[in-house]
Amino acid sequence: MQSWRGCLRSFLLGWTLKFSCSSHFFIAAMQPSTNWHLKENARDHHTSKFSSKELIVRRGQAFIVTFNGTEQPEQSLTFIAETGPKPSKLAKTQATFGISSTVSKESWSAVLQSTSSNSVSISISSPPNAVIGRYKLSVQTTSSGSSSPASLGTFVLLFNPWSSGDDVFMPNKAECEEYVLEEFGIIFAGNKNHINSFGWNFGQFQGDILNICLSMLDRSLNYRQDPATDVSHRNDPKYLGRVLSAMVNANDDQGVLLGNWSGNYEGGKSPSSWTGSGEILQNWKKSGFKPVRYGQCWVFAAVLTTVLRCLGIPTRTITNFSSAHDADGNLRVDEFYDASGNHLDRAADSIWNFHVWNESWFSRSDLDPSYSGWQVLDATPQEESGGIYQCGPASRNAIKEGDVDLDYDCPFVFAEVNADCMYWNYDPATGKKTLMFSKSTVIGQFISTKAVGKDDRVDVTNDYKYEEGSTKERDIFKKARKKLGLEDKFDPTAPTPQEIDQKPDISGKFKVSGPLEVGKDLNLILVLANLQSDAKTVHLNMTAWSTVYTRRPVHEIWKDSISVTLSPKEEKQFPIKISYTEYQQQLTTDNTIQVTALCHVEGGIQVLVQRDITLDNPAIDIQVLGEAKVNKEVDVEVIFTNPIDTEVMDCVLQVEGNDLLRGILEIDVPPLKASEKSSTKFKLIPFETGPKHLLVNFSCDKFADIKTFKMHLTFYSETV
């Protein structure tokens with residue numbers, strides 16, 4: 001480069017003016033004209049989906065900037081990139097760098113690309129471990145003196161999973177597309193016997209979402225306590241993931257979402273009514289950053305997915321069925337039932353039908369390399385960690401290997417997927433408890449996530465633990481207990497060896513007989529089998545309660561008591577019918593019912609038989625009437641048939657879909673008589689090509705939040 005200084009004689013329109021006045025210099029800095037090459041840089045940095053007029057790029061990768069100018073004398077150029085309230089070179093929140101001939105992989109650098117009579121183009125690169133966030137970029141010239149830096153404007157720097165030097169580097173490009181760029185997701189719910197799913201619009205590239213995500217960081221407790229130090233740590237995905245797991249819930253910091261598991265959602269929206277993160281984050285901002293009401297685990301996880309994908313950290317939602325909440329950290333979960341078979345809400349421990357958390361992909365520089373990869377983060381406020389409600393990152397590999405002594409929150413996550421269960425009979429009058437049975441194979445089943453590039457379910461249970469009941473799995477469990485100091489510690493609440501070794505005289509199970517649908521009667525069969533060679537008399541107390549998905553009892557629906565005699569080795573079946581009219585008024589929006597039978601065996605130990613039932617909502621159908629083309633109107637029809645013999649009222653249809661609708665469409669639907677079919681039509685105009693998902697949520701006074709989604713392809717219009 002024959003001297004790049006010589007090429008810069010024409011440079012910087014109006015931003016440095018020198019006037020000679022006696023022996024003094026007068027330097028005036030004005031805003032130079034800057035071309036950020038938004039389209040080209042966005043394409044190269046996988047940020048084209050953002051709808052911002054501000055440059056958004058990823059760290060560890062070059063971007064082009066062009067400055068316009070008029071002829072100036074030979075000058076030296078120094079660039080200044082800085083972020084945060086107190087930029088500092090020591091904290092790596094400020095970088096000063098000149099033009100060099102090659103890109104540096106360790107620091108910020110600038111390489112001259114081209115010059116013309118009135119402009120110069122520079123390629124600027126950040127290191128792969130740069131602090132992420134909004135930067136100010138300035139340039140300074142010196143020529144036998146100095147001038148004040150002139151601002152070139154601002155840009156946003158994100159994590160870069162496409163860059164091999166980045167902590168979040170993900171070598172599989174299809175996974176990068178899914179876990180960073182995909183705005184649609186599927187979340188699995190229900191229970192271990194009946195897995196269902198629903199769509200979710202993460203919407204990480206919508207309008208103002210990036211700015212809201214950056215605001216979350218600036219409203220965290222860490223930032224409030226020490227802004228400069230907090231910003232300096234934003235190069236580290238494990239730090240950011242932990243901070244954001246706290247900020248998504250509102251418990252300590254006026255974060256995004258207020259949790260509510262009561263079944264009563266007055267003063268806010270039922271958690272099951274949300275269909276996407278965008279509305280939640282926008283509401284948080286519009287309210288002056290007051291917590292949005294209300295969230296439950298899948299809502300917390302979905303919002304955290306949105307935020308982390310927006311910032312460039314590969315993230316997915318994970319559903320764990322029969323998920324333990326081990327409140328006292330002993331890797332054991334205790335459940336209590338009274339003599340009537342009622343599930344008592346008296347223990348801090350609980351077993352949820354399902355629980356949803358996040359996995360994010362990054363390396364763990366603080367641990368051995370074997371612990372890098374997927375890391376568990378959980379924004380649902382369950383237990384405090386470090387004095388506030390945050391959880392993770394816990395290495396998934398550490399969980400599988402029982403290395404619960406590693407940061408962060410590994411014992412809690414280990415228990416969620418592998419705790420042992422103790423089921424007790426409790427007498428409230430005397431306070432006496434009697435162990436009925438224990439199980440080591442109940443917790444952590446069918447751990448699920450969405451497939452890459454498809455709408456299928458993928459089971460990742462074997463990534464969290466060895467085969468349930470195997471010698472290896474039990475050895476890992478003992479290893480975890482030993483690391484936590486539980487093996488040699490006396491626990492007065494633990495069952496005695498004699499209690500654990502007790503063998504029941506009978507066995508029992510509930511079988512489903514008929515459809516599991518809201519609006520239809522629930523038909524079950526209780527099957528009891530005598531395991532002994534002599535007759536057994538059994539007194540049964542049976543109950544059915546509506547619950548929330550955490551299995552907390554809400555309303556009693558039904559109860560009955562019978563006595564039976566079982567001949568030696570005999571099996572008997574007892575049909576149970578719970579009518580729709582019995583459960584209709586008591587059902588929560590989770591559509592869950594717990595049925596129990598406490599069997600008092602004369603001369604033997606008590607046996608508990610239980611089953612958690614999740615009822616499906618009636619179906620709703622979407623039809624796209626015609627071929628969807630960009631910028632061309634297309635009709636959509638939503639069809640719903642009232643399946644019950646009474647009228648349904650207060651019907652509302654809510655529709656959203658990225659690149660199909662701007663915002664959320666709400667349509668009031670007229671009341672529907674028994675068996676009446678409704679057809680609701682609306683128009684949409686797709687504004688991007690490719691596969692798109694349309695999400696629909698239908699509610700009325702008898703059915704809450706009937707969800708479905710439809711994927712279809714959008715094509716270019718012939719007129720485009």
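Every residue gets a Cβ built from N, Cα and C, even glycine.
According to TrEMBL, the features are:
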type	residues	note
ACT_SITE	CYS297	active site
ACT_SITE	HIS355	active site
ACT_SITE	ASP378	active site
BINDING	ASN418, ASP420, GLU468, GLU473	Ca(2+) binding site
DOMAIN	289-381	domain 'Transglutaminase-like'
SIGNAL	1-22	signal peptide
Which of these recorded positions has the least crowded Cβ, counting other Cβ atoms within 10 Å: CYS297, ASN418?
ASN418
Nearest of the active-site residues (CYS297, HIS355, ASP378) to GLU473 (Ca(2+) binding site), judged by Cα-Cα distance:
HIS355
Should one count Cβ atoms within 10 Å of each candidate's Cβ, the recorded positions ASP378, ASP420, GLU468, GLU473 would be headed by ASP378
Measuring Cα to Cα, tell me the gap between ASP420 (Ca(2+) binding site) and ASP378 (active site) in whole angstrom.
21
Is it possible to get the count of other C-beta atoms within 10 angstroms of the C-beta of HIS355 (active site)?
26
Using the Cβ center of ASN418, ASP420, GLU468, GLU473 as the Ca(2+) site position, which other residues in that chain lie within 8 Å, going by their Cβ?
ALA419, SER440, THR441, ILE443, GLY444, LYS465, GLY469, ARG474, PHE477
When the Cα-Cα distance from GLU468 (Ca(2+) binding site) is computed for each of the active-site residues CYS297, HIS355, ASP378, which gives the smallest value?
HIS355
Pull out the recorded positions from the set HIS355, ASP378, ASN418 whose C-alpha sits within 10 Å of the C-alpha of CYS297 (active site).
HIS355, ASP378
Express the distance between the Cα positions of ASN418 (Ca(2+) binding site) and HIS355 (active site) as a whole number of Å.
14
Give me the Cα-Cα distance between ASP378 (active site) and HIS355 (active site), rounded to a whole Å.
10
